[in-house]
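Peer 1: Got a structure here, written out as structure tokens. Questions coming.
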Amino acid sequence: MSRELTLQERLDGEAGPDPLRQAVKKAVAALAQAAIDISDLTCRGALAGITGEAQGRNTDGDVQKDLDVRADQIIRDALGALPIAVLASEEMAELDILNPGAPISVAFDPLDGSSNINTNISVGTIFSIMPTPPDASAAFTQPGSAQLAAGFVVYGPQTSLILTLGQGVDIFTLDRVERVFKLTGSMMQIPADATEFAINTSNRRHWDLPVRAYIDECLMGADGPSGKNFNMRWIGSLVAEAFRILVRGGIFLYPGDARDGYEDGRLRLVYEAHPMAFIIEQAGGGASTGRKRILDIVPGSLHQRVPLIMGSIKNVRRLEDMHTGPNVALEANAPLFGHRGLFRV
């Protein structure tokens, strides 16, 4: 049986002598070490003093948990001495400009899904690595297509690191005995078509017509236009949803809706949508707002929110067609939601 390649070995093989790739290698290695430390905390839970209690709100108005703060500091400590121009954390209001002449800049969500801590559901870390432009303060005003690398970590039954360096997607699993990440999935490919969707259906009444139409079509199953029966999944953890899509396909939707503050969804472009879109596209999937490719969007602000639809390419394209074509009219005729259906609207 062959020995599993470690993350460090994979990074060494990819970097070569190029200074930019060397900087990316060092940043990813440091983020991986930080993830091991965060994994230790999440695994110990209350034994490590992790209560899941609110510590206030971050600058964007979201409740900030105790582990959010600790995870943020762990990552900052890991990256602080590296050749990095700018750090941007979802937990902080402003950029942290470290070394304006350094070749890369790193954005991260230190603990995505922290509201799940008390219920023992998977949480994670998400990161994006950008080239530093001449004006370092503009590092995160570049489109997502400029990313050099992106990844996320799932702290679940296993701790898994999902990584793209722009040439496919690999999965590394934490070996807790040796305390290193080892390659367990290489060149991941998302099935082009799948029969699982993930969305919080309790918000249906607030959705735009195209989203309603698409979900109604899924619920119609084999009796509807798709001719297939779908299953619904909703974990409420972006990293867990993305991992499931990577290994077995499906579509994830966090759309904008009619509620105050939800017009553009709730996910951040820089910290969540851009890195997830890069990973999903590198695995053969699609990522869109419904009307625009996520990786084409240029951030207008550091904490900008954006609707996110991602997953199997045919499923994503179908929903995009519903945003731009005549199929929205189908929504009113969906049998499950029509005047003779199970649910009246």
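Any Cβ shown, glycine's included, is placed from N, Cα and C.
Pulled from Swiss-Prot, these are the listed features:
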| type | residues | note |
| --- | --- | --- |
| BINDING | E90, D109, L111 | Mg(2+) 1 binding site |
| BINDING | D109, D112, E272 | Mg(2+) 2 binding site |
| BINDING | D112, G113, S114, S115, N200 | substrate binding site |
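On this model, are these features tucked inside or out on the surface, and what's nearby?
Peer 2: E90 (Mg(2+) 1 binding site) carries neither a helix nor a strand DSSP state and counts as coil.
Cβ neighbour count for D109 (Mg(2+) 1 binding site) (all protein chains, 10 Å cutoff from its Cβ): 29.
DSSP assigns G113 (substrate binding site) to coil in the three-state reduction, outside any helix or strand. Note: G113 (substrate binding site) has non-local neighbours I121, S122, V123, G124, G236, S237, L238, V239, A240, i.e. same-chain residues 6+ apart with C-beta under 8 A of its own C-beta.
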Peer 1: Count, for each of the binding-site residues S114, S115, N200, the other C-beta atoms lying within 10 angstroms of its own C-beta, and report the residue with the smallest count.
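Peer 2: Ranked by other Cβ atoms within 10 Å, the binding-site residues S114, S115, N200 bottom out at N200.
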Peer 1: Near D109 (Mg(2+) 1 binding site), meaning Cα within 10 Å, which of S115, N200, E272 (binding-site residues)?
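Peer 2: Passing the 10 Å Cα cut: E272.
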Peer 1: E90 (Mg(2+) 1 binding site): which of the binding-site residues S114, S115, N200 have a C-alpha within 10 angstroms of it?
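Peer 2: Within 10 Å of E90 (Mg(2+) 1 binding site): none of them.
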Peer 1: Would you find the one among the binding-site residues E90, D112, E272 whose Cβ has the most company, meaning other Cβ atoms within 10 Å?
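Peer 2: Counting Cβ neighbours within 10 Å, the top one is D112.
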Peer 1: Apart from E90, D109, L111, which residues in this chain have a Cβ no more than 8 Å from the mean position of the Cβ atoms of those residues at the Mg(2+) 1 site?
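Peer 2: These residues sit around the Mg(2+) 1 site: D68, A71, D72, S89, E91, F108, P110, D112, S114, T125, I126, Y271.
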Peer 1: Between N200 (substrate binding site) and D112 (Mg(2+) 2 binding site), what is the CA-CA distance rounded to a whole number of Å?
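Peer 2: Computed Cα spacing between N200 (substrate binding site) and D112 (Mg(2+) 2 binding site) is 17 Å.
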